[in-house]
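Taking it in order: structure first as structure tokens, then the write-up.
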Amino acid sequence: MDSQFLLGIALSSIGGFSTSIGALFVIMSKTPSLRMLGLLQGFAAGLMLSISFFDLAHNAINSLGFLRGNLWFFSGVIFFAIVANFIPEPNVPPPDKRNKKVGNEENKNTMRKHRRQVLYSGIITAIGISLHNFPEGMAVYLGSMKGLRVGLNLALAIALHNIPEGVAVALPVYFATESKWQAFKLASLSGLAEPLGVVIVACLFPTSLNPEILEGLLASVGGVMAFLTLHEMLPLAFEYAGQKQSVKAVFCGMAFMSASLYFLRLSLPEDNGV
């Protein structure tokens, strides 16, 4: 097996497994209240929106031009909007307070439905983070081809960048299932998309990868992530934490991820991107 391929797998695994570190922060804490969950969902929504608009869509527009970059982006939005129509969503009706006994039973049922709704949001978040992690694995592999120092610096920068992503995946799963193992497992699986990105580049594109097609596909991924954030995560944050507090959490998440993307770019080779 090619040593360059093995090096790419090893380096991308550093970044991929850092989502597990984010999951550890979650499972070592108590299960959050609904309000805290809403605030953290808002923060996670800010992370996702920052990745979508300031990273993936931004790079595509710079590389392909305003029109083609937007066409790729909105093709991802339309694609996932169609897919979402076939995904059953759990509905949470308001509790019936006609009498205390019925009210208590209804509240229990409502909490179960809340947990199903949050679990659905967590799975959607894991899908979005996984899609984002594919190109990061590709970037580490391509960076390692320029030299071990470049690849290692990039892998470490992505590892720090991925810790809050692990939190964003593990938190709703831990709340919904109350299972530390399930939360840790799903967050770790989303990180495995990075070494999988190396496999895709090395096996499907052994000689060259058309940069325009890659940028277009990444813009579509940005569209998917933006749609699922606004369609799933943000409404959940509004419901549990209120609009004003959730909006503040969203902007905190966007600022945090924007800073992370900035420091990540400092580690990138000049002719490469994530």
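Placement of Cβ uses the backbone N, Cα and C atoms for every residue, glycine included.
As written in TrEMBL, here are the features:
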TRANSMEM  6-27  transmembrane segment
TRANSMEM  39-57  transmembrane segment
TRANSMEM  69-88  transmembrane segment
TRANSMEM  118-134  transmembrane segment
TRANSMEM  154-174  transmembrane segment
TRANSMEM  186-207  transmembrane segment
TRANSMEM  213-234  transmembrane segment
TRANSMEM  246-264  transmembrane segment
The transmembrane segment (213-234) and the transmembrane segment (69-88) contact flag, 3+ Cβ pairs under 8 angstroms: yes
Contacting positions for the transmembrane segment (39-57) when only residues 6+ beyond its ends and CB under 8 Å are counted: 32, 69-70, 73, 121, 125, 128-129, 132, 164-165, 167-168, 171-172, 218-219, 221-223, 225-226, 228-230, 233-234, 236-237, 240-241, 245-258, 261, 274
Tertiary contacts of the transmembrane segment (118-134), as residues 6+ beyond its ends and Cβ separation under 8 Å: 15-16, 19, 37, 41, 44, 48, 51, 56, 89-90, 162, 165, 168-173, 175-177, 186-187, 189-191, 193-194, 196-197, 200, 221, 224-225, 228-229, 232-233, 236
Range from 6-27, 69-88, 154-174, 246-264 with the greatest count of C-beta pairs under 8 A to the transmembrane segment (186-207): 6-27
Maximum Cβ pairs under 8 Å to the transmembrane segment (154-174) - stretch from the list 6-27, 69-88, 246-264: 6-27
Contact set, same chain, for the transmembrane segment (246-264): CB under 8 Å, 6 or more residues outside the stretch: 38-51, 54-55, 157-158, 160-161, 164, 234, 237-238, 274
